[in-house]
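Asks: Could you have a look at this structure, given as structure tokens, before my questions?
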Amino acid sequence: MALEFTLNHLAAASAAVDCLVVGAYADHTLTAAAQALDAASGGRLAALAQRGDLSGKTGATTLLHDLPGVTAPRVLVVGLGEAARFGVPQYLKAVGDAVRALKAGAVRSALFTLSEVAVKDRDAAWAIRQAVIAADHAAYRYTATLGKKKADDAGLAQLAIAGDDAQALAQGQAIAAGVEFARELGNLPPNYCTPAYLAEVGVKFAGEHDGAEAEILDEHQMEALGMGSLLAVARGSANRPRLVVLKWNNGGDAKPYVLVGKGITFDTGGVNLKTQGGIEEMKYDMCGGANVIGTFVAAVKAKLPLNLVVVVPAVENAIDGNAYRPSDVITSMSGKTIEVGNTDAEGRLILCDALTYAQRFEPAALVDVATLTGACMVALGHQTAGLMSKHDDLANELLAAGEQVFDRAWRLPLWDEYQPMLDSTFADVYNIGGRWAGAITAGCFLSRFAEGQRWAHLDIAGVASDEGKRGMATGRPVGLLSQWLLDQAARA
């Protein structure tokens, strides 16, 4: 159940909610709202802090009941850590800590006052917007396939944010909706979230919002366009491919921003079958597609004054007697031929045709997003996405957007010196580059299909989902991409 968000202008002590959320630092210093409650209660918070019953350490939460002079029956004190080190990551963690502490139980409504706490190099609008996004992320529950285990609706349902910037609140709600949309798609099992399902979801959303439209290409239409690379990957699956094209038209005659997202709804590896574990997590191989759709949802709900096109090649990489093989030579939509060195390097084979298709929209910028390589995860871990581009201005825009919302990317080189690693004797290009620099050679491969474009590639293999049996889709980098689009709209 998604949280409902409002703004609050009243003093915390008189707010009629089930719980107030305030903060304390490691040295027992209280935030302004906490100081007001302390004064109203006759110094109760300060006394608790001094005797060690109220911790200001990062991650600590203390729930207090029935403070005198305070209307709300509960006060949640969230530890903020050292005041001198309090910044963006600490603020976002505090939001999540608060919501997780109230996620289940008797509290239905709360007032979050930490949005009034100063965060270095960030303004009040940022604090409100990011509080909404982080709170909604922490409150997310997956219930689609739980059946008899379906979670109940108990727990926090309404969160008032201290502040008065209605636009920031609305933008936060829009981006939070996009993140949640992407996470839900990513978390669905592959027998639910097929290429056809992704297409249906896109059509349904576009049909519900003025200014949005959807076009779905089936395999026959893709064949007519010459998408031999994408269709080769699709050959082994009973779930037939789709090309999902979503358009948001709110920027007049301006050129659109185009996002392309890898939509491999399940990846067996093909003939090069995955044998080293982790195959059960390959439903997340469509998170690039899910996340660009989520970004589309955010842009539409925020009514951003720009034109946006999202292209998702939705394909399942499976195995049957018709599956493509290592050493096959396939012809892409661009006319370039590709020698298949490994059928488990399939993401780039569907993206190359999608990138060629996307150029018909004459993009102001073209960005592809993909869980493309394990090599990127080895290099950068789960903390950051990999970014590759030959366009410094575009790369810097994306990097800055990621830093702004703590959904970060790290730039990797895309030098011409790597390109010979993709040489083939039998085709124009080989689809793998060998043992070394795997994330970079994958980016180099894609760059051959984005020539003449202001293009960037985001490898999100390390950030798209959490690891392990209880891991879930994260929705990254919807935050980065949405902030980038907000920045572009502000400059228009």
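Just so you know, glycine gets a Cβ as well, placed from its N, Cα and C.
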Asks: In Swiss-Prot, the residues Asp344, Glu346 are said to bind Mn(2+) 1. Which of Asp253, Asp267, Asp428, Asp459 is said to bind at that same site?
Replies: Asp267
Asks: In Swiss-Prot, the Mn(2+) 2 site includes Lys262, Asp267, Glu346. Which of Asp285, Asp353 does it also list there?
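Replies: My reading of Swiss-Prot gives Asp285 as the candidate in that site.
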Asks: Determine which residues of the same chain, besides Lys262, Asp267, Asp285, Glu346, have their CB within 8 A of the center of the CB atoms at the recorded Mn(2+) 2 site, and list them by sequence.
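Replies: What remains near the Cβ centre is Ile264, Met282, Met286, Val315, Asn317, Gly347, Ile350, Ala370, Thr371.
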Asks: Using a 10 Å cut-off between Cα atoms, which of these recorded positions sit near Asp344 (Mn(2+) 1 binding site): Lys262, Asp267, Lys274, Asp285?
Replies: Asp267, Lys274
Asks: Across all protein chains in the structure, which of the recorded positions Lys262, Lys274, Arg348 has the highest Cβ count within 10 Å?
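Replies: When each Cβ's neighbours within 10 Å are tallied, Lys262 leads.
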Asks: Report the member of Asp344, Glu346 (the binding-site residues) whose C-beta atom has the most other C-beta atoms within 10 angstroms.
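Replies: Result of the Cβ crowding comparison: Glu346.
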Asks: Can you count the other CB atoms that lie within 10 A of the CB of Asp285 (Mn(2+) 2 binding site)?
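Replies: Result for Asp285 (Mn(2+) 2 binding site): 27 other Cβ atoms within 10 Å.
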Asks: Using Cα-Cα distances with a 10 Å cut-off, which of the binding-site residues Asp267, Asp285, Glu346 are near Lys274 (active site)?
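Replies: Qualifying among Asp267, Asp285, Glu346: Asp267.
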Asks: For Asp285 (Mn(2+) 2 binding site) and Arg348 (active site), what Cα-Cα distance in Å is obtained after rounding to a whole number?
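Replies: Cα to Cα, Asp285 (Mn(2+) 2 binding site) and Arg348 (active site) are separated by 12 Å.
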Asks: Specify the count of other C-beta atoms within 10 Å of the C-beta of Asp267 (Mn(2+) 2 binding site).
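Replies: The answer is 26 other Cβ atoms.
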